[in-house]
Amino acid sequence: MELEEKNPDPKYGESRKFDPNFKGPIHNRGCTDILCCILFILALLGYFAVGILAWSQGDPRKVIYPTDSRGQFCGQAGTPLEKKPLLFYFNILKCASPLVLLEFQCPTTQLCVESCPDRHLTLVKAKLGNKEDREYYQKFCKEGVDFAALSPPELLRDGLCPAMLMPSKPFTRRCLPALGTMKGGVVVVGNETTFDAGQGVSINASEVLEASKKSNVVVEARQVAMRIFEDYTQSWYWILLGLVIAMIVSLIFIVLLRFLAGVMVWVMIVLVILVIGYGIFHCYMEYASLKGEPGADVTIRDLGLQTDFSVYLQIRQTWLAFMIILAIVEVIIILLLIFLRKRILIAIALIKEASRAVGHVMSSLFYPLLTFALLAVVIAYWAITAVFLSTSNEQVYKVFNNSECPFSRDTCDPQTFNTSNASAQCPDAECLFAFYGGETVYHRYLILFQFYNVFLFFWCANFVTALGQVTLSGAFASYYWAFKKPDDIPAYPIFSSLGRALRYHAGSLAFGSLILSLVQVIRVLLEYLDHKLKGAQNKFAKFLLSCMKCCFWCLEKCIKFLNRNAYIMIAIYGKNFCTSARDAFFLLMRNIVRVAVLDKVTDFLLFLGKLLIVGIVGIFSFFFFSGRIKAVEEAAPSLNYYWVPILTVVVGSYLIAHGFFSVYAMCVDTLFLCFLEDLERNDGSAERPYFMSQNLLSLLKKSNEESKSMD
């Protein structure tokens with residue numbers, strides 16, 4: 001029975017020859033790409049060394065606790081400041097200085113306090129007032145100050161006490177003025193528009209507002225992050241429940257696909273169309289309901305960036321944009337289904353065969369759990385190392401002054417500052433904590449350690465992914481090349497394949513992962529440059545950078561495709577990475593028509609399955625967290641941004657669905673390459689029988705008919 005395609009182009013190599021001894025993945029194989037394996041081990045040892053160095057030098061408390069002028073952490077347990085968790089600024093008006101934008105530090109004394117001031121009080125009034133006022137004011141002076149013995153000018157000259165206190169509220173552990181607005185937009189602090197600074201100077205509340213904004217230049221960026229963190233603390237168990245539901249739905253879908261592949265694919269297609277259609281309908285109803293509402297016709301451009309993202313859902317343009325995007329996606333999917341209707345029938349046959357393979361290698365469904373666990377370890381190690389590296393700088397102190405001083409902004413030592421020349425020549429100068437930095441060899445090369453951390457993260461993550469691909473492809477290849485199924489299938493195909501991959505081909509996996517990681521790091525650098533050039537006016541540079549980003553994105557996709565097929569050939573034949581990549585590429589090019597007819601259409605159908613699971617879980621999470629389901633309205637947590645858990649559940653559901661469907665995708669790709677190898681090795685005769693099942697034989701006939709229609 002001759003079912004061969006027309007003679008392939010000789011420039012893509014010769015077809016495989018018949019080998020009566022070939023029975024699937026070769027067991028007698030040797031180690032491949034040993035040099036790259038050694039390089040990967042050395043890189044890992046260096047990675048551990050960087051981690052140990054970072055953990056010995058870093059201090060995550062620097063990103064948790066605010067720091068006073070002496071570099072001490074406010075509120076840190078086990079220290080004298082344990083009961084003083086808040087940071088108080090002596091003169092918040094100095095935070096309006098441009099220095100804040102350069103060094104992210106206010107040029108004024110900062111003190112750890114138990115609570116923020118709740119009243120307006122000047123130093124002079126406190127000295128002349130009753131005992132209660134003096135004791136209250138002394139809480140905001142430096143420790144050990146003899147408040148009763150020293151006069152106000154002496155206290156101010158030596159920087160021991162602030163000139164005045166104003167009503168403040170804690171925000172991200174910092175005492176910031178309790179700003180508000182009255183009718184007419186008048187800015188007030190504690191219902192007062194002006195303050196007596198204590199030296200015959202009157203301060204307007206608007207000046208305090210400007211200073212607060214500058215002092216909050218870093219803190220403002222954390223406002224949204226803190227609200228998001230609060231939402232996570234309120235809804236984490238519901239998020240976990242949503243992810244568990246996504247896992248159960250994915251598992252049920254995979255099991256049903258095993259027994260009802262044809263029916264499930266068509267059900268999946270119809271449900272995807274219906275889910276997206278409902279999304280369009282819902283967006284239209286929201287768009288129509290906002291007609292005539294005050295402020296609903298404001299554009300997104302006019303609204304600008306808002307920290308309260310729910311504001312965007314109150315304008316019609318947002319829902320119109322969502323509706324248009326979903327409508328475009330719906331039209332594209334329907335058009336693809338119309339044009340690919342014949343090839344979908346062929347792809348369903350390949351999915352049915354993949355279902356049989358998964359049914360005989362059921363342990364493959366649980367292998368993604370190992371991949372998830374290994375990736376979680378890689379991500380956790382990278383994140384912890386990054387935090388320790390970023391907090392491994394030392395405390396740098398600088399001279400801050402009010403009058404002219406030759407030592408202004410010079411580095412100083414707070415222990416010896418009072419006896420130094422700077423203190424003698426500049427009486428009003430202070431040696432205050434400025435920022436975290438350092439001049440040692442370690443600190444000079446800190447940026448290289450950060451880069452190395454990112455690079456090894458990509459390399460390790462890609463290695464874990466490659467290990468999973470080789471393991472699964474080796475197991476499914478064992479299924480395909482078993483002449484009598486399931487009798488000839490090895491007892492533990494997943495464990496056997498995993499053992500071969502780690503014992504013989506760790507170097508090849510490291511080689512393929514290294515190539516991909518280099519491209520990914522280049523893409524990260526391009527994104528960094530793009531971020532730096534956002535304010536630039538050179539349009540040619542922006543255009544060139546955009547072209548490079550596009551080219552490297554395409555290159556990354558091509559390398560991922562080649563690596564995937566190379567790993568399949570490694571699992572089957574046990575050759576090195578370059579030889580396997582070449583053989584896989586030539587095999588695909590010799591059968592390019594079948595690749596277009598079968599493989600890519602199957603990938604599209606599996607993508608629709610992931611889209612369906614994400615859509616179902618996403619819709620239910622939207623109605624739950626937004627409080628639109630009356631039956632469970634009271635159970636829904638109270639949130640700042642209900643889109644935070646929704647987005648988390650959607651992204652997590654996609655990753656979970658991708659993990660389960662990746663088994664099917666790897667199975668389809670492996671069976672497809674084995675299918676092409678089978679066609680080249682055998683002719684279906686009694687002497688050279690096909691290893692493929694009857695299902696694949698009928699699939700081959702259909703693909704040949706489809707191929708002729710494409711010629």
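Backbone N, Cα and C define each Cβ position, glycine as well.
Copied over from TrEMBL:
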TRANSMEM  32-55  transmembrane segment
TRANSMEM  236-257  transmembrane segment
TRANSMEM  263-281  transmembrane segment
TRANSMEM  319-340  transmembrane segment
TRANSMEM  365-389  transmembrane segment
TRANSMEM  454-482  transmembrane segment
TRANSMEM  502-526  transmembrane segment
TRANSMEM  604-626  transmembrane segment
TRANSMEM  646-676  transmembrane segment
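Taking Cβ pairs closer than 8 Å, the transmembrane segment (32-55) reaches residues 381, 384-385, 388-389, 392, 442, 449, 452-453, 456, 459-460, 463, 504-508, 510-511, 514, 570, 574-577 in its own chain, all 6 or more past its ends.
Long-range contacts of the transmembrane segment (263-281) within the same chain, counting only residues at least 6 positions beyond its ends with a Cβ under 8 Å from a Cβ of the stretch, are 253, 256-257, 322-323, 326-327, 329-330, 333-334, 337, 344, 348, 351, 605, 608-609, 611-612, 615-616, 619. Only pairs six or more apart in sequence are counted, and the transmembrane segment (365-389) with the transmembrane segment (604-626) gives fewer than three Cβ pairs under 8 Å, not enough to call it a contact. With a cut-off of 8 Å between Cβ atoms, the residues of this chain six or more beyond the transmembrane segment (236-257) that come close are 264-265, 268, 351, 355, 358, 365, 609, 612-614, 616-617, 620-621, 624-625, 636-637, 645, 648-649, 652-653, 656-657, 659-661, 663-664.
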